[in-house]
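Visitor: As listed in TrEMBL for this protein:
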- B:His70, B:Cys84, B:Cys87, B:His88: heme c 1 binding site (BINDING)
- B:His105, B:Cys124, B:Cys127, B:His128: heme c 2 binding site (BINDING)
- B:1-21: signal peptide (SIGNAL)
Amino acid sequence: MTNANNKKGILQYLKSPNSAGLWFILLIGFAGGVIFWGGFNTALEVTNTEEFCISCHEMENNVYEEYRETVHYANRSGVRATCPDCHVPKEWTHKIIRKIAASKEVWGKMTGIIDTPEKFDAHRRSMAEREWKRMKETDSRECRNCHNFEYMDFSEQGNRSVKMHKDALGTGEKTCIDCHKGIAHKLPDMKDVENW
Amino acid sequence: MKKLLSVVMVLGLACTTSLQAEEVNSGGVESLRGSSTLDATKKADEMKRVIKDKNPIARNYVHQPPMIPHQTRGYRVDLNSNKCLTCHGWKYANETGATKISLTHFETRDGKTLSDVSPRRYFCSQCHVTQADAKPLVENTFEPVESLGNE
């Protein structure tokens with residue numbers, strides 16, 4: 001048979017009653033796929049909550065306590081950010097990449113690399129630098145999830161904010177994390193850190 | 001044993017007599033916050049609000065540590081970092097437009113000049129304070145000096 005005949009043949013097959021089994025399997029598979037995807041996504045989103053993050057005592061006793069004293073925890077308007085808002089990207093591709101990289105954190109938990117306050121403080125600088133580097137590379141993408149420079153009302157901001165945002169952010173010279181280090185957690189030893 | 005028993009009895013009688021006595025008004029407490037009686041709970045004052053961001057405040061006398069005209073919420077000054085100096089240090093003051101720390105901050109107690117901030121001046125908030133909209137508690141007739149820009 002020719003190619004044209006084969007194509008017609010497939011279409012004819014799919015329209016015929018013989019293919020009912022195939023259609024059935026296809027539909028069941030599709031529904032199963034939806035359910036699986038939903039379940040997978042739900043499980044992924046569970047790991048994206050503050051509750052999950054502080055289920056490790058390393059996080060709950062150190063960075064969570066520090067974060068509780070900051071403006072992202074409690075403020076005038078009540079609009080706040082929790083762990084995933086700053087540390088997990090919102091777009092799907094970036095989020096999945098981050099989630100795969102987070103298996104390193106599971107390993108860290110198992111080996112107990114920061115499971116005492118002393119060990120945590122010894123690693124604080126390297127952990128902070130990793131996060132600063134990530135934010136600098138993405139132009140503070142996670143900050144911009146909520147804080148949109150284009151819609152900052154300079155008539156509402158204080159003198160210092162207006163000046164610094166215009167000069168640094170407006171010109172593209174700096175990004176949020178360059179000045180706002182320590183906005184959520186205690187700073188490590190800042191020796192030799194730029195702009196500090 | 002007998003002495004102990006008699007002492008206990010006397011004390012017990014004393015307690016019962018005081019319980020039956022009427023409530024004595026001791027006159028209350030006078031303080032800068034006004035007067036209140038001991039049995040009444042005074043309503044708490046409104047929380048003071050720190051000035052968020054405003055132009056520099058004129059000083060009242062020479063050598064006064066300038067007051068902070070902005071809020072300093074969350075600014076840490078510790079062994080790891082000094083947030084104040086990231087704007088007010090000589091390195092960054094041109095960029096930020098902030099008042100530089102004066103040269104007195106680089107001097108030791110003996111008058112020697114160091115190459116960086118002297119440890120005795122490192123903790124800013126020991127001398128510099130933010131301002132809030134609080135009325136003076138005590139009337140006074142203090143006049144600031146005219147040479148520093150006060151009327």
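Just so you know, glycine gets a Cβ as well, placed from its N, Cα and C.
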Visitor: Work through the binding-site residues one by one (B:His105, B:Cys124, B:Cys127, B:His128) and name whichever has its CA nearest to the CA of B:His70 (heme c 1 binding site).
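Guide: So, spelling it out, the nearest of the binding-site residues is B:His128.
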Visitor: When DSSP states are folded down to helix, strand and coil, where does B:His88 (heme c 1 binding site) land?
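Guide: DSSP assigns B:His88 (heme c 1 binding site) to helix.
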Visitor: Just name the binding-site residues among B:Cys84, B:His105, B:Cys124 whose Cβ comes within less than 8 Å of a chain A Cβ; none is a fine answer.
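Guide: Sorted by position along the sequence, the hits amount to none.
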Visitor: Per 10 Å Cβ neighbour count, which of the binding-site residues B:Cys84, B:Cys127 ranks highest?
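Guide: Checking each of B:Cys84, B:Cys127, the winner is B:Cys84.
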Visitor: For heme c 2, what surrounds B:His105, B:Cys124, B:Cys127, B:His128 with a Cβ no more than 8 Å from their Cβ centroid?
Guide: B:Pro65, B:Cys84, B:Ile101, B:Arg121, B:Phe123, B:Ser125, B:Gln126
Visitor: If you measure from the C-alpha of B:Cys127 (heme c 2 binding site), which of the binding-site residues B:Cys84, B:Cys87, B:His88 fall inside 10 Å?
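Guide: Cα filter at 10 Å returns nothing.
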Visitor: If I restrict to non-local contacts, at least six residues apart, and a C-beta distance under 8 angstroms, what lies near B:His128 (heme c 2 binding site) in its own chain?
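Guide: Correct list: B:Pro65, B:Pro66, B:Met67, B:Ile68.
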Visitor: Sort the binding-site residues B:Cys84, B:Cys87, B:His88 by C-alpha distance from B:Cys124 (heme c 2 binding site) and give me just the closest.
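Guide: Nearest by Cα distance to B:Cys124 (heme c 2 binding site): B:Cys84.
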Visitor: Any same-chain residues 6+ apart from B:His88 (heme c 1 binding site) with CB under 8 Å of its CB? Would you list them in sequence order, or say none?
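Guide: Listed in sequence order, they are B:Thr96, B:Ala98, B:Thr99, B:Lys100, B:Ile101.
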